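Colleague: Pasting a structure here, questions to come.
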Amino acid sequence: MDTIAAISTAPGRAAVAVVRVSGPEVPVIIERLFGSSLPPREPVLRWLRDPESDDKVDQVLVTHFPAPRSYTGEEMLEISCHGGSLAPQLALSAVHAAGARQAERGEFTRRAYLNGKLDLLQAEAILDIVDGRSAAGHRAALHQLDRGLSRRIEELREALVRCEALLVYEIDFPEEDEGPVSPEAVADAARDVLGRIDRLLETAAQGELVREGALVVIAGRPNAGKSSLFNALCGVERAIVTEEPGTTRDAVEAVVSLDGFPFRLVDTAGLREARGTVERIGIEVARRYLANADVVLFCAEAGRPLTEEERGFIEGVDADSIVLVRTKSDLVDRDAPAGPAPGARDGEVIVSTPKGVGLGQLRDRLVAAVFAGLASSRVETPLVTRERHGRELRRARSEVTDFLAARERRVAPEVAATHLRAAGVALEEMLGVIAPDDLLARVFSEFCIGK
Ligand SMILES: Nc1nc2c(ncn2[C@@H]2O[C@H](COP(=O)(O)OP(=O)(O)OP(=O)(O)O)[C@@H](O)[C@H]2O)c(=O)[nH]1
Ligand SMILES: [Mg+2]
């Protein structure tokens, strides 16, 4: 292992930036930069000097973390220098001149993983914390960093090993009719594992949405008040609003946190017979978003019955949830009949954007529609938040199912047991106990430099 260095903080104007250095050369690099060694794990104020010219580079706070008690498990140095566009670059150049090379994406965390400081699920949790944009996503990632999911996977792996152990007698004494463990007990143990995998897999749909945000598409006729609603939910004027129908032509997307849950809100072009090429394309884009929506907010002005076309549209929507939003309620008499009940599965919400009416209720409705279970439960349960986790769990599941089928067919126990071992391998890859190079490359390529 060579010694790597990178700026770990984001670029731009800031009071402080951090340069991280990790690898066996760190003690030598410290001597070269500061002229002496540093006390372990104690931040000290020093002048950082360029090792070639001996010029002052910056006044910094430095901490030496001797191996193995550091983030990566290696010798590490953390330099807190002044922020901004120049100081951190100069500090980094000095570190390079002292003998470190530039770190690659995620290389610090990769080393931490390789040195057993964290497992692959924890490494992914760190990525989620840094990329996180909602309180719920943050909570889930912290739980994962705390090994919530790792422990569940380890328990499953142990259960598989116990299940395999139950077969030992049958393997050693194949002639006996009935050993101390009945075939039924073995099948029960395998079914128990299956049940536990299923309970984890059940969290996958919501877990992935917690990490990525639920797709909420705002649709409706031109001028229905879609962009106004979009802006109100974003809390900023993102989309253009005019009294002219056909204002929005392209989809406008924003990631927002509503009551602590992540949503990807999309404002779309009004649905009607297009008047021109641009509008036609805009409507096609809207339809494409609609096909992938988790929730559709269908906007129609309050106080008027829905048109045939609108009703047809609502019936044709394939999303899990569709909420009819009655817009511009300030323009109608409060007691005016809202018109015939629509086919919206999740009822209707009456809003007025200038008056701020109904927005809280709409937020509640969105959270309930997507994150129902999570919003109400206070208990922390591990969530399956990535496609990769779901894939490994399904692989494990199918091996256990094959094991049960093999037992039904009275396949030789040592042969049936290979399925249990294969299930174990899937779980080990999920944890990163075994990790093929391409898997590691994929996980760590998502990181940024300095992490
Ligand atoms: N009084 C009142 N006017 C509103 C409300 N919401 C929107 N409007 C007005 O309705 C007009 C159309 O609003 P938009 O938000 O641009 O409607 P849209 O559905 O995005 O329209 P297109 O992009 O053309 O499809 C604008 O003049 C808004 O100011 C509301 O709650 N109350
Ligand atoms: Mg619009």
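The backbone N, Cα and C atoms fix where each Cβ goes, glycine too.
Curation does not apply to TrEMBL; its annotations are automatic.
Not my notes, these are from TrEMBL:
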type    : residues                  : note
BINDING : R20, E78, K117, K451      : (6S)-5-formyl-5,6,7,8-tetrahydrofolate binding site
DOMAIN  : 213-371                   : domain 'TrmE-type G'
BINDING : 223-228, 242-248, 267-270 : GTP binding site
BINDING : S227, T248                : Mg(2+) binding site
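Walk me through where these features lie, including what they touch and how far apart they are.
Modeller: Here K117 ((6S)-5-formyl-5,6,7,8-tetrahydrofolate binding site) comes close to Y71, T72, G73: these same-chain residues lie at least six apart in sequence, with C-beta atoms under 8 angstroms from its C-beta. Following the DSSP three-state reduction, the secondary structure of K117 ((6S)-5-formyl-5,6,7,8-tetrahydrofolate binding site) is coil.
Non-local contacts of A269 (GTP binding site) by the CB criterion (under 8 A, 6+ apart in sequence, same chain) comprise P222, G246, T248, R249, D250, A251, E279, G282, I283, V285, A286.
There are 24 other Cβ atoms within 10 Å of the Cβ belonging to T248 (GTP binding site).
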Colleague: Out of R20, E78, K117, K451, which binding-site residues lie by ligand 1, with a C-beta less than 6 Å from some atom of it?
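Modeller: Near ligand 1: none of them.
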Colleague: May I ask which of the binding-site residues K117, N223, T242, A269, K451 have a CB within less than 6 Å of any atom of ligand 2, listed in sequence order?
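Modeller: Close enough to ligand 2 is none of the binding-site residues.
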Colleague: Whose Cβ lies within 8 Å of the mean position of the Cβ atoms of R20, E78, K117, K451, the (6S)-5-formyl-5,6,7,8-tetrahydrofolate site, other than those residues?
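Modeller: The surrounding set, listed in chain order, is S8, S22, S70, Y71, T72, M76, F108, T109, A112, G450.
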Colleague: What's the CA to CA span in angstrom from R20 ((6S)-5-formyl-5,6,7,8-tetrahydrofolate binding site) over to S227 (Mg(2+) binding site)?
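Modeller: Per the Cα atoms, R20 ((6S)-5-formyl-5,6,7,8-tetrahydrofolate binding site) and S227 (Mg(2+) binding site) stand 45 Å apart.
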Colleague: Of all the binding-site residues given, R20, K226, K451, which has the fewest Cβ neighbours within 10 Å once its own Cβ is left out?
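Modeller: Output over binding-site residues R20, K226, K451: least Cβ neighbours within 10 Å is K451.
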Colleague: Can you give me the Cα-Cα distance between K226 (GTP binding site) and E78 ((6S)-5-formyl-5,6,7,8-tetrahydrofolate binding site) in Å, rounded to a whole number?
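Modeller: Approximately 49 Å lies between the Cα of K226 (GTP binding site) and that of E78 ((6S)-5-formyl-5,6,7,8-tetrahydrofolate binding site).
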Colleague: Which of the binding-site residues N223, S227, T242, P245 has its Cα nearest to the Cα of E78 ((6S)-5-formyl-5,6,7,8-tetrahydrofolate binding site)?
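Modeller: That would be S227, the closest of N223, S227, T242, P245 to E78 ((6S)-5-formyl-5,6,7,8-tetrahydrofolate binding site).
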Colleague: If you count Cβ atoms within 10 Å of the Cβ of E78 ((6S)-5-formyl-5,6,7,8-tetrahydrofolate binding site), leaving out that atom itself, what do you get?
Modeller: 19
